[in-house]
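Visitor: What Swiss-Prot records for this protein is below:
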BINDING   T58, V59, G60, G61, S62, G63, K64, T65  ATP binding site
Amino acid sequence: MQALVNKIWYQGHPLRWLLLPLSWLFAVITYVRRALFRLGIKSQTVMPVPVIVVGNITVGGSGKTPTVIYLIELLRQHGFTPGVVSRGYGVDIQGVKTVNLGASAAEVGDEPAMIVARTQVPMVVGAKRVDAANALIAEFGVDVIICDDGLQHYALGRDIELVVIDGQRGLGNGLLLPAGPLREGAWRLDAVDFIVNNGGPAAKGQFEMQLAPTEVKPVKCDLTSGEYSFDKSQPLVAMAGIGNPARFFESLRAQGYQLALCQGFDDHQPYDKTQLRDLAQDLPLLMTEKDAVKCRDFAQENWWYLAVNAKLSPQFDEQLLARLREVAAAKQGNFHGIR
């Protein structure tokens, strides 16, 4: 099914025209929804600290999670105390839930588990991001909130909108769901503060981001503190349950890994030991960091993951920090006046 969807969205398959009436209906629904917030019929909650929303206008992976991790580290380096809120995709969360270090993907979602494992950032997940943001401030006293994948969640007021787009796939056929991959029209890019192009080339007004691979590490938790080595010249099985698995496989080939088999899975898909053991047979299994957080409890000794770090320009850092400081100063003045 996913292969057919990709053909419709990214390869000009004629079935897109049959789905176009549904896309028109989707366009009306999204327009009305935005209008309700713009007219004040539906309320938007303004937080006492700056809110940075990281999202995209397409369905599927574009590099949001590495961008969130990059922002966490950037803000910390410049004296901020950031926290993160997220929906916790695929997890039925009643109310809100704090993401503790070591939390499983089944409890909080794979991306929140990965973000906290990597950064130990204060993080709260919940279906209502406003409730999650309030809990984050009350429990941790953060001074900046990063909202992971909340561009279309208009109930949460935002001060800075950052959209990540896939430099390889772009906006696909440019059509709204379900005929195309767009959650909102391309016009939405004109309304955001920052556009990050994952992989480039960046168009005018965009900032190029590259994902730099780190060292290969064992998935099995009790191996991470010991000595280990990985021979990239040996044949291996590669797997990826992300929005664009092909991108991961292409990156591995470019780095010289010998891929005997590549297996893509649906984004956020859960795994079990038997499934992956049968996939790998006796070969090493190499996966993404996001996949690894779902496999730690049953990982084999020859299962590995490759993490990536986002790289952005100093110009991006300077402009984002300048904008954030402006917002923070205005918020302090406004809320001090209210008190």
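Positions of Cβ are set from backbone N, Cα and C atoms, glycine also.
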Visitor: Under DSSP, is S62 (ATP binding site) helix, strand or coil?
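Guide: Its secondary structure by DSSP: coil.
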Visitor: Run through the Cβ atoms and count how many others sit within 10 Å of the one on G63 (ATP binding site).
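Guide: The answer is 27.
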Visitor: So which of the binding-site residues is most packed in, judged by how many other Cβ atoms lie within 10 Å of its Cβ, out of T58, S62?
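Guide: The residue with the most neighbouring Cβ atoms within 10 Å is S62.
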Visitor: Of all the binding-site residues given, G60, G61, which residue's CB has the most CB neighbours within 10 A?
Guide: G61
Visitor: Can you tell me how many other Cβ atoms are located within 10 Å of the Cβ belonging to V59 (ATP binding site)?
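Guide: The Cβ of V59 (ATP binding site) has 17 Cβ neighbours within 10 Å.
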Visitor: Near T65 (ATP binding site), which residues of its chain come within a Cβ-Cβ distance under 8 Å, counting only those 6 or more away in sequence?
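Guide: Correct list: E111, M114, I115, D148, K290.
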Visitor: Can you list the residues of the same chain, besides T58, V59, G60, G61, S62, G63, K64, T65, whose Cβ falls within 8 Å of the ATP site's Cβ centroid?
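Guide: My list of surrounding residues reads N56, V164, D166, G243, N244.
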